[in-house]
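Participant: Here it is, the structure in full.
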Amino acid sequence: MSKNVVIIGTQWGDEGKGKVVDLITDKVASVVRFQGGHNAGHTLVINGKTTILHLIPSGILRNHVECLIGHGVVLSMSALLKEIAELEVADIDTTKRLKISPGCPLILPYHIELDNAREIKRGKAAIGTTGNGIGPAYEDKVARRGLRVSDLLDPNLFASKLKEVMEYHNFFLTHYYNANPVDYQTTLDEVLSQVEQTKHMIVDVTEQIHQHIANDENILFEGAQGALLDIDQGTYPFVTSSNTTSGAAVTGSGIGVTDIDYVLGIVKAYTTRVGGGPFPTELIYDVALDKGDEIGKVLGTVGHEFGATTGRQRRCGWLDMVTLKRSFNLNAVTGICLTKLDVMDTLETIKICTSYEIDGVETTIPPFSAEDYAKAKPIYIKIPGWKTSTIGTDSFDSLPVEAQSYIRKIEQLANLPVDILSTGPDRLQTLILKHPFE
């Protein structure tokens, strides 16, 4: 019997979702992206070769897998074509297996200009967006003025709609942000030339998904970013512009709620965050100044904690079970995939945050506001480190006893099983204790 599995990052993104998606797609007919845009990077390492994807589902490296981009994704045609070209250079064919929903909102040049103009105007209060136009594109969608992939199929209608919406946005760019306007004709010509290269990929993705279900075929739904960046449930306003929880798989693809059989929550063995926002367990280290917390330095250096999309340094800290337990509930997580355990191989002692102290009161419930988060002081339990390499370990029993204890403690605190364990960046450096599709 087939299964529909959702993979979700349970923290602030960068948990290692791409590798895990690629690994378990050996058993699927299709992989579906359902939210976000090209603001997130999924890094895959196969036989030592690194591939970074931003828009295209991570199943593209499997020749038998169909890759679907659902209507919940905001789509930059420029970014998509760039990614396709990079894959073709690596002899990975996308033309027959990549499909795009006509309902995808388009990211256009004025969205990017607005994104960057806003960050400049915010100054020190900048959110830390990737500057790729994701937020403004989602705003247009909600305001019902956004252009969608389906609009491109009628060039005359698209030209008319584009002119109207560009007049609106150029007014704000010039009069409020003191920025340069975006040229209408240049934008129109660029986008219409791009659609000729992608027209054959546009299909009814929702119908495609239900055909797979009718044919009793496995489907994997690939989340981007992390649940704690969710526009509604995250650390607002330091969040992304889409819903990043497992529920977005339903709204962003068209699968029914009761059709989801399993949710795999990806958990990094420590915590990272890019950009601004609350981070109670942060171990502050500035890579440019080579100054700050030494363990924060180890986690960032050994873990190569630099963004796949922006190259920005990721903030690092201890595992935070307060936020994680909320995330597990939000996503109805079935099982955990624990990643980057090997990054902590050299540490003498490891800490896990199990509660916060806020205004002198201990709590295991995460605060609602960013202001209260800023006052949260982490309360830790300590676990002995294992001080030996776990890279490429081929069985759970082969792990150091202390590493096993760390994993068991996470399972105990989460009340969930660790079904997959990543012990290195390569596809093969993974222990599947229970396969989500079995």
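Cβ from N, Cα, C; glycine included.
Keep in mind it's a predicted model, so treat the numbers as computed, not measured.
Under the heading active site, proton acceptor, Swiss-Prot lists ASP14. According to Swiss-Prot, the feature active site, proton donor maps to HIS42, an assignment based on sequence analysis. Per Swiss-Prot, the feature GTP binding site maps to 13-19, 41-43, ARG314, 340-342, 422-424; the stated evidence is sequence analysis. What Swiss-Prot records for ASP14, GLY41 is Mg(2+) binding site, and it gives sequence analysis as the kind of evidence. Per Swiss-Prot, the feature IMP binding site maps to ASP14, GLU15, GLY16, LYS17, ASN39, ALA40, GLY41, HIS42, THR130, ARG144, GLN225, THR240, ARG312. Taken from Swiss-Prot, the feature substrate binding site applies to ALA308, THR309, THR310, GLY311, ARG312, GLN313, ARG314, supported by sequence analysis.
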Participant: In whole Å, how far does the CA atom of GLN225 (IMP binding site) lie from that of THR423 (GTP binding site)?
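Facilitator: Counting only the Cα atoms, the answer is 21 Å.
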Participant: Per DSSP, to which secondary structure element type does GLN313 (substrate binding site) belong, with helix, strand and coil as the options?
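Facilitator: Reduced to three states, the DSSP call for GLN313 (substrate binding site) is strand.
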Participant: Distance between ASP14 (active site, proton acceptor) and ARG314 (substrate binding site) at the Cα atoms, whole Å?
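Facilitator: Between the alpha carbons of ASP14 (active site, proton acceptor) and ARG314 (substrate binding site) there are 9 Å.
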Participant: Of LYS19, ARG312, ARG314, the binding-site residues given in the record, which has the fewest other CB atoms within 10 A of its CB?
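Facilitator: Lowest Cβ count within 10 Å among the binding-site residues (LYS19, ARG312, ARG314) is ARG312.
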Participant: Using Cα coordinates, what distance in whole Å links THR423 (GTP binding site) and ARG314 (substrate binding site)?
Facilitator: 20
Participant: Going by C-alpha distance, which of the binding-site residues GLY13, ASN39, THR130, LEU341 is nearest to ARG314 (substrate binding site)?
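Facilitator: Smallest Cα separation from ARG314 (substrate binding site) among GLY13, ASN39, THR130, LEU341: GLY13.
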Participant: Using Cα coordinates, what distance in whole Å links GLY16 (GTP binding site) and GLN313 (substrate binding site)?
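Facilitator: GLY16 (GTP binding site) to GLN313 (substrate binding site), Cα-Cα distance: 16 Å.
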Participant: So among ASN39, ARG312, GLN313, all listed as binding-site residues, which is physically nearest to GLY13 (GTP binding site)? Use the C-alpha atoms.
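Facilitator: Closest recorded candidate to GLY13 (GTP binding site) by Cα: ASN39.
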Participant: If you count other CB atoms within 10 A of each CB, which of THR130, GLN225 wins among these binding-site residues?
Facilitator: GLN225
Participant: Whole-number answer please: how many Å between the C-alpha atoms of GLN313 (substrate binding site) and ASN39 (IMP binding site)?
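Facilitator: Cα to Cα, GLN313 (substrate binding site) and ASN39 (IMP binding site) are separated by 15 Å.
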Participant: Round to the nearest Å and give the CA-to-CA distance linking LEU341 (GTP binding site) with ARG312 (IMP binding site).
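Facilitator: About 22 Å separate the Cα atoms of these two residues.
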Participant: Please state whether DSSP places THR423 (GTP binding site) in a helix, a strand or coil.
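Facilitator: Its secondary structure by DSSP: coil.
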